[in-house]
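Report on the following structure.
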Amino acid sequence: MAGKILSYKLSSGYEIPMIGLGTYARKADTGQFRQAVEWGIEAGYRHIDTASCYKNEEEVGEAISNKIYQGIVSRQDLFVTTKLWNDSHAEQDVIPALKSSLNRLKLDYVDLYLIHWPVSVNSMGEDMKIDFVETWRGMEAAVKEGLVKSIGVSNFNEEQLTRLLQNAIIKPVVNQFEINPTLTQHKLVDFCKKRSIMPVAYTPLGLISEARPEFIGKDAIKTDPKLGEIAKKYKKTRAQIALRYLIQRGVAVLPKSFTKSRIEENLNIFDFELSEQEMAIVDSYNIDHRCVPGTAFCRHNNYPF
Ligand SMILES: NC(=O)c1ccc[n+]([C@@H]2O[C@H](COP(=O)([O-])OP(=O)(O)OC[C@H]3O[C@@H](n4cnc5c(N)ncnc54)[C@H](OP(=O)(O)O)[C@@H]3O)[C@@H](O)[C@H]2O)c1
């Protein structure tokens, strides 16, 4: 791996590596998550992003235990994030949900625990209309119990963050939301930074991903020859340019891959720097397109988009 991985000091005082390995997949073979995380740790990733709803915490935990057992990393070297699902938003449900995640991950704490969405559902998927400020009390209790170092949110909009900040005793350190060259999110990124909330980009490859062929034609990021020239100049791929663009904006990135060579490729973004002009070219690919619109919750209270 070329270039040292940058990290950022969160408002809680803990450091978050600017790149983490994403682990969400709609479909996976048995062992594929474990294998990807093992390759990731071997390649140098020290930040892993999972969630209880990804149904992969056991495999992610196995990979972590294996790499610790083999002496490749120690627990303190790793920054592990998991997320509270929408069906456990009642204050008294937060710690039990986190304990179940820890049990599956075979860890006694996580570095970061996020409220996955501001919406709440019951086991039937119906809207529970639980106020996320109530959920936050449970998150704060989890910090006090030593089960998590830092707490934050995901998919929160400006208004929701404002309300949370007004009511929080422990401030959220992160908002994880979709950011990529076709969804640049300047307004929300600036809003977060001004309030010491670290913006973390999910789906950072956006329309570069082959997983999204339905958007062919809208994806200048994939086809524009100017980006090809930039990539050639630095001997990088389009994906690496997209990730580097986010890092240079002060946004942490969570690319997911099951492919060993891509897991390695995505990490190799710390040995070059895009010029202001090149940053502007990547920025021009914005079409405000969401890969993850969360449509299942679009009629729910607190749907953020
Ligand atoms: N908080 C939330 O609500 C939320 C929502 C979505 C995602 N996330 C998190 O963010 C992570 C990343 O998001 P994502 O998985 O949706 O999207 P992504 O990381 O932007 O894209 C993943 C896709 O890109 C492909 N890919 C990876 N590296 C590549 C490269 N160098 N060149 C070309 N294609 C490449 C992968 O294929 P292969 O695997 O086949 O290599 C996969 O199909 C998730 O895994 C999850 O941890 C969070």
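Cβ atoms are placed via backbone N, Cα and C, with glycine included.
Positions annotated as domain 'NADP-dependent oxidoreductase' by TrEMBL: 28-286.
The number of other Cβ atoms within 10 Å of the Cβ belonging to Tyr54 (active site, proton donor), over all protein chains shown, comes to 21. Taken from TrEMBL, the feature active site, proton donor applies to Tyr54.
Annotated site 'Lowers pKa of active site Tyr' per TrEMBL: Lys83, in sequence order. On its own chain, Lys83 (site 'Lowers pKa of active site Tyr') has Thr50, Ala51, Ser52, Cys53, Tyr113, Leu114, Ile115, His116, Ser154 as residues at least 6 apart in sequence with a Cβ closer than 8 Å to its own Cβ. In three-state terms derived from DSSP, Lys83 (site 'Lowers pKa of active site Tyr') belongs to an extended strand segment.
According to TrEMBL, the feature substrate binding site maps to His116. The Cβ neighbour count for His116 (substrate binding site), using a 10 Å radius over every protein chain in view, is 21. Secondary structure at His116 (substrate binding site), taken from DSSP and collapsed to helix, strand or coil, is coil.
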